Amino acid sequence: MAALRSFLKKRSSVLCNGAMRRKLFSTEVSQPLTDSPSFAQRIRNLPKDLPGTQIKTQVSQLIGRTPIVYLNKVTEGCGAYIAVKQEMFQPTASIKDRPALSMINDAEEKGLITPGETILIEPTSGNMGISMAFMAAMRGYKMVLTMPSYTSLERRVCMRCFGADLILTDPTKGMGGTVKKAYDLLESTPNAYMLQQFSNPANTKVHFETTGPEIWEDTNGQVDIFVMGIGSGGTVSGVGQYLKSKNPNVQIYGVEPAESNVLNGGKPGPHSIMGNGVGFKPDILDLDMLERVIEVTSEDAVNMARQLALKEGLMVGISSGANTVAAMELAKKPENKGKLIVTVHPSFGERYLSSVLFQELRQEAENMQPVAVDYP
């Protein structure tokens, strides 16, 4: 410690010598960099497209082209290979950036919405709302979102961060109640428009045009099975339709919460797999294409999400855990030995810090006490 103090003292002495001393203690006020005429002029004259650069002109151009990676440790006992597309690398750390961009572009091209005039209203379970709020902020729309109150605090903060208005709905009414509230607002709000993620073909289209081709290209066309959780149904339908168009033998599976297994003939119910299990069949969901819809419990999804962080270094959300559980169920079947199964991790785990996923760790972190340090 004495040696450290001696070093710091010598370092301070060096910095304060000669011209450096005069500069540090000068009474002259330096002009801020951003206020200097040369800086401002340089920014104004900067071309949007500099030849030979890879600089994007706007953040929406960062959407897509996410990486895909094998799972290695959690797949012990599996006869098939499991590769996962990591949508956490999107601008808002979720796959919903894709359809949010697609649906807004589609509506603008059709003249249905106008920046600065149209108020966008949309029901969401979280990630789509964040992506829409992100796009609305970038394009200049006022955004109003309805969401069940059981969703995580991080979702609410993210939506508000992008300037969206947020209305929470009765958790016992599920997504059905959230959708109803959004339609009520639509009817009572002038110049309002709903992009309708659950019935908008542009939702499916973007996955047919981007997510599906990316998976096909990155697997060199060797994907045998694709499995995906069902929320709006856009991802599983769009990706499934594309993969089937390239190889009719590719098998497509959906995933839904066991506690809200509506697609398997059950009843809607509360669950922890945010983003999945909306409690009804979305219009854009192509059920006929699916081999079947695999049921995963909230408990299994949460436990798997935790294991993915601990064993694979992948901090992901609860629906990512559900997709992985379903993929592993298929990977353990003898008939799938040696096959390549692809699924998706839709979002980054940091968005779930206040949820059941990190409940114990959060409590542990909140109760941590500082230790004494002999310094200086």
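Just so it is clear, glycine is given a Cβ too, placed from its N, Cα and C backbone atoms.
Here Swiss-Prot has Asn127, Gly231, Ser232, Gly233, Gly234, Thr235 binding pyridoxal 5'-phosphate, and the candidate from Ser319, Ser320, Ser354 in that same listed site is Ser319. Residues near Gly234 (pyridoxal 5'-phosphate binding site) in space but far in sequence (CB under 8 A, at least 6 apart, same chain), listed by position: Pro99, Gln197, Asn203, Thr204, Val206, His207, Ile284.
With respect to their backbone Cα atoms, Lys96 (N6-(pyridoxal phosphate)lysine) and Gly231 (pyridoxal 5'-phosphate binding site) stand 11 Å from each other. Other than the site residues Asn127, Gly231, Ser232, Gly233, Gly234, Thr235, Ser319, same-chain residues with C-beta atoms no more than 8 angstroms from the centre of those residues' C-beta atoms, the pyridoxal 5'-phosphate site, are Ile95, Lys96, Pro99, Met128, Gly229, Ile230, Val236, Gly275, Asn276, Pro346. Spread of the pyridoxal 5'-phosphate binding residues is 15 Å (greatest Cα-Cα distance among Asn127, Gly231, Ser232, Gly233, Gly234, Thr235, Ser319).
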